[in-house]
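> Residues or ranges marked as transmembrane segment in TrEMBL: B:18-37, B:73-94, B:114-144, B:156-175, B:205-225, B:246-268, B:315-334.
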Amino acid sequence: MRPGESRLGGTALTLAYDQRTIAENLTVAVPDRSFTVIIGPNACGKSTLLRALSRMLRPSAGAVLLDGRDIHDLPARKVARTLGLLPQSSIAPDGISVAELVARGRYPHQGLLRQWSREDERVVEESMAATGVDDLADRAVDELSGGQRQRVWIAMALAQQTPLLLLDEPTTYLDIAHQIEILDLCARLHEEQGRTLVAVLHDLNHAARYATHLIAMRDGRVVAAGEPASVVTADLVAEVFGLPCRVIDDPETGTPLVVPAARRRATTLAPEPA
Amino acid sequence: MTVLRTSWGLSLRFRPRALGVGAGAAVLAAGFGLVALGSGDYPMGPADVLRTLTGGGTVAEQFIVLELRLPRLVTALLVGAALALAGTVFQSLVRNPLGSPDILGFTQGASTGALVVVVLGGSSLALAGAAVVGGLGTGLVIYALAWRRGVHGYRLILVGIGVAAILTGVNGYLLTRAPLMEAARAVLWLTGSLDGRGWANAGPLLVVLVVLAPLVLVGCAPALRMMELGDDAASALGVPVRRLRLVLLAAAVLLVSFAAAAAGPVSFVALVAPHVAKRLTRAPGPNLLPSMAVGAALLVGADLVAQRAFAGHQLPVGVVTGVIGGGYLVWLLAMERRAGRL
């Protein structure tokens, strides 16, 4: 596949829960081998879009295409060998060990007579090493810290060995150091393993720093998509989030850095004195 | 975890401890069974029992063991295994340790069916059939009421509790409408009893178990294990979550209904057996096979106590499982509180 092409995308999607429509006529493409980040205010439909892209929500109109085919025409197991998902919240069964949980990522590759191949064993070990949880292998998942636990879930998704990996708000509930740790890990997986990553993130500055492709959404529409440097502008942040701000260069990376405008005194709507 | 591999790509993985628990419980059930077959008004030694089972023994011994005691024992084994399997599936599906068919209303539904036959007057075959119909009907109603883009744990539990409460009221009303003698028979049935069970009781349940146990144990167990990670994670791993849940719920309701048809709504086995199995195997995930063995041993043991604990006086087995199950539940809650989980 040529670079720049897209293996995953949606055309003319209408996304709805029961009667509540979240998005209409939504078209997105995830560039192959990109680290795509979807941003937008609460309830803009970004998590809903991720659910649709991962086959968990069937669009009421339009189609999600994976390698050119409607994702709902493909068998669940086949999709699970191409596209992985780290959900916003998962449940670790009582007392399960790290190695056992990561091993469950091998499910789509296993069968009745192929329950635990050498390949399974090798991939699980590699996944734990790549996420730095190999020395926790025998620990119970319940005993781990939030950051460690998130790395274990990522290891499980890696063990699934999918070229595409979707992450739904992977940094929520983590403190700032662990947020950066998880995002560094994602960037490494993207660069070193050549995986296509799609993540929903809340923090604009994280998105601008780590993404190679940004999709900005508001009210179920894509407002802008492209490289962070061209997408993250003061005008766009005002349009998408309704937040007055300045955008400067991140002194560490040179990527756009959003600095919210200072609180105005008196009425917030008063124009700034010259 | 132990892995067996062959050169041509076959690989099997299992937990020796879980296998041990299953085998241990099966041996225990067999031991209880041997005692049950040999004790009673006509006592026999284990050697005599085994000889009779393998075709020897006197005509009288053959009649007593093969026609009177063995059907009851087989019914107990099957009912215990079926209830335990259904209970494990329910608890795993609703992700709640209290999600047993006694609480979710299926047992009450089977009772309603049986009580209708009691009031209208009918054979014990009609009663068994009505119990199955009542259980399945209740399953359909609960599924329909709990449906909203799929059936989820809490909704199923709450709807089930509501339906159970309604049916308990209906069952009480039906009892007041029954003739006195029939009401007494109905109360005995409602307690759960193995008294006088013959091959006609064991047969249908055996068929259901032979069909459904492989479906659940082989066909669904690995996917059920993935479902414990949450619907989203399971679906991301390629589990067809909705279809699997429907198949498993149907299988569990069938098992409970046929078990109730065979022995009445024996309480607490479905609730307790999965917990005992989990504690003994110390394995995460639904311990389906160990649970079935534990359930069988529990019911055979409880029936032995019910038959022999009080000389000359038989208890319905449901009384014994209720006392054991209730006691265990209290103990479980106390332990959970001590561990800070409740």
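Using the three backbone atoms N, Cα and C, a Cβ is placed for every residue, glycine included.
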> For the transmembrane segment (B:73-94), which partner among B:114-144, B:156-175, B:205-225, B:246-268, B:315-334 gives the most CB pairs under 8 Å?
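It is B:246-268 that shares the most Cβ pairs under 8 Å with the transmembrane segment (B:73-94).
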> Give the nonlocal contacts of the transmembrane segment (B:18-37) in its own chain as ranges (CB under 8 Å, at least six residues past its ends).
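Same-chain contacts beyond the flanks: 44, 46, 49-50, 53, 65, 69-70, 72-73, 77, 80, 277, 280-281, 283, 287, 289-290, 292-294, 296-297, 300-301, 303-304, 307.
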> Give the one range among B:114-144, B:156-175, B:205-225, B:315-334 whose Cβ atoms make the most pairs under 8 Å with those of the transmembrane segment (B:246-268).
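It is B:114-144, which has the most Cβ pairs under 8 Å.
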> Which residues, given as numbers and ranges, are at least 6 beyond the ends of the transmembrane segment (B:114-144) yet have a Cβ under 8 Å from it?
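Answer is 104-108, 151, 156, 159-160, 163, 167, 171, 174-175, 177-178, 182-183, 185-186, 189-190, 200-201, 204, 246, 249-250, 253-254, 256-258, 260-262, 264.
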> With a Cβ cut-off under 8 Å, give me the same-chain residues at least six positions beyond the ends of the transmembrane segment (B:205-225) that come close to it.
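74-75, 78-79, 81-82, 85, 89, 92-93, 234, 239-240, 244, 247-248, 251, 254-255, 258-259, 261-262, 285-286, 288-289, 292.
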